[in-house]
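Student: Shown below is the structure under consideration.
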Amino acid sequence: MSIFNNLKWNAISQLFKIATQLISMIYLARLIAPEDYGIMAMATVVTNFAILFRDLGTSAAIVQRDSIDESLKSAIFWLNLLLGIIVGTAILFSSSYFSELYDVPKLKPVLSLLSINFFLLGATSVHLSLLERESKFETISKIEIFSFGSALIIAIAMAYLNFGVYSLVTQSIVSTLLSSGLFWYLSSWSPRIKIENIFKNTKSIFSFSYQLSLFNFINYFARNLDSFLIGKYMSATILGAYNLAYRIMLFPLTSITFIVNRSLFPILSKNKHKHAEVEKIYLNTVYTIWFITIPLIISLLGLNEMVINIIFGEKWHLSSSILVWLAPTAIIQSILSTTGIIFMSQGRTGILVLLGVQGAILTGIAFVIGVNDNIISLAKYYFIANLVHFFPCMALTMYVIKSNFYKLILKTYPLFIAGFISYYIIYILKKHLDHSFLSLVILTIICFVVFIVSLLPTKEVKNFINRLIK
């Protein structure tokens, strides 16, 4: 087990997923109407909520525990299978209710089809967790690449045939079907047939799983209340524009943090009692994430109109205005998203719950105020809520690993100075260039180059260059 190997294979898988998402966003956004994207976003609100009950935190417990026997594995499997059946059936029979709630008839068949995913996921969550526990990310990566690629090809073909929102639905189902089947086949583990004493055998992980599930439940509302309120009180078109801006802002960042969290969770869990080692790993992780994401977000922030109009088309012009506030929010969330693995690996999920409550209250207030104004105000208040939440969250994270917030600031402040310099340069230069794809590429490259050059005098970059030379 090594951090580099975990990161390498997770990066390969996630980079391929990013590529498929980019292709999906560029091609499908031109073939599918904003209204259809809005319907899929409404369905996602429901399915994201249902995911909370898919395994109740038991999958993470498999990775986090020092040891796990066969009886516990089998008990968790049967519990998750039961939960998958219950959740999938609940979505199927409640699809009419949500369709009437949103007043969108097409939402009913969309949700009915998406319920299939939960039957599949419930049967294979343990198999995936066992592969992650053993750091078999090469196997996981190959499965996900095959699944993502196959699903994208089918979705594009269906979009060309004017299937609309059902192209997106089919993409989700095909990806889940292929990956679930291969996780089961290649994990080399099968559950015991005996299903008695499920709850007795899972009692040992109850505290960890219960608190993690509670956090996920709270976090769901913080993450999805915006889509619900926009869909309910504004319109599907505005929700579609917001959802596109949100995806542009988040999907590269969540991909990066997903790679890091997935790769480091098994490592941090095994080294949970070595606080100096955990501190070193986490500080380097934060620096690396911001080193990648800050120039990316700065380029999106400075070139927001060019990005939207050139790549997605002028019909999405509203997304560029929303992106002005969602872009800096992404810088904050890229690090907040990593705090969970610290609390989980240290077994401090109780703190995670408290921070989840704080975040939900702040973002809830922001969304309620914003939806009564306009979509731009909602995005602005969302940024402010994340900024307020950031400081206590990071302070507690550093405290848990026997470190302090000052060390984090000392290590990362040069990144923000370099970011401001990069933004200023592209802000000046874009006034003298036309709004063409070539100009967009040139300015993006300049942003990254200026950012890196600005960091050359710093200790972190000097050490990195020295390691490369040696």
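Including glycine, each Cβ sits where the backbone N, Cα and C put it.
Residues or ranges marked as transmembrane segment in TrEMBL: 39-63, 110-131, 143-162, 168-185, 205-222, 242-260, 281-302, 322-344, 351-369, 381-401, 408-429, 435-457 (among others).
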Student: With pairs fewer than 6 apart in sequence excluded, do the transmembrane segment (168-185) and the transmembrane segment (110-131) have three or more C-beta pairs that lie under 8 Å?
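Tutor: With 3 or more qualifying Cβ pairs, these stretches touch.
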Student: With Cβ-Cβ distances below 8 Å as the criterion, list the same-chain residues six or more beyond the ends of the transmembrane segment (168-185) that contact it, or say none.
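Tutor: Same-chain residues near the transmembrane segment (168-185) but 6 or more away: 24, 28, 32, 36-37, 40, 43, 110, 113-114, 116-117, 120-121, 123-124, 127-128, 131, 140, 143-144, 146-148, 150-152, 154-155, 158.
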Student: Excluding the flanking five residues on each side, which residues at least 6 beyond the ends of the transmembrane segment (322-344) place their CB within less than 8 Å of a CB in that stretch?
Tutor: 60, 64, 212, 215, 241-242, 245-246, 248-250, 253-254, 256-257, 260-261, 264-265, 268-269, 278, 282, 285-286, 289-290, 293-294, 297, 300-301, 304, 307-308, 351-352, 355, 375-376, 379-380, 382-383, 386-387, 389-390, 393-394, 397, 400-401
Student: Could you check whether the transmembrane segment (281-302) and the transmembrane segment (408-429) come into contact, where contact means at least 3 Cβ pairs under 8 Å with the two residues of each pair 6 or more apart in sequence?
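Tutor: Contact between the transmembrane segment (281-302) and the transmembrane segment (408-429): present.
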Student: Which sequence positions outside the transmembrane segment (143-162), separated from its termini by at least 6 residues, show Cβ-Cβ distances below 8 Å to it?
Tutor: 12-13, 16-17, 20, 23-24, 27-28, 31-32, 168, 170-172, 174-176, 178-179, 182-183, 186
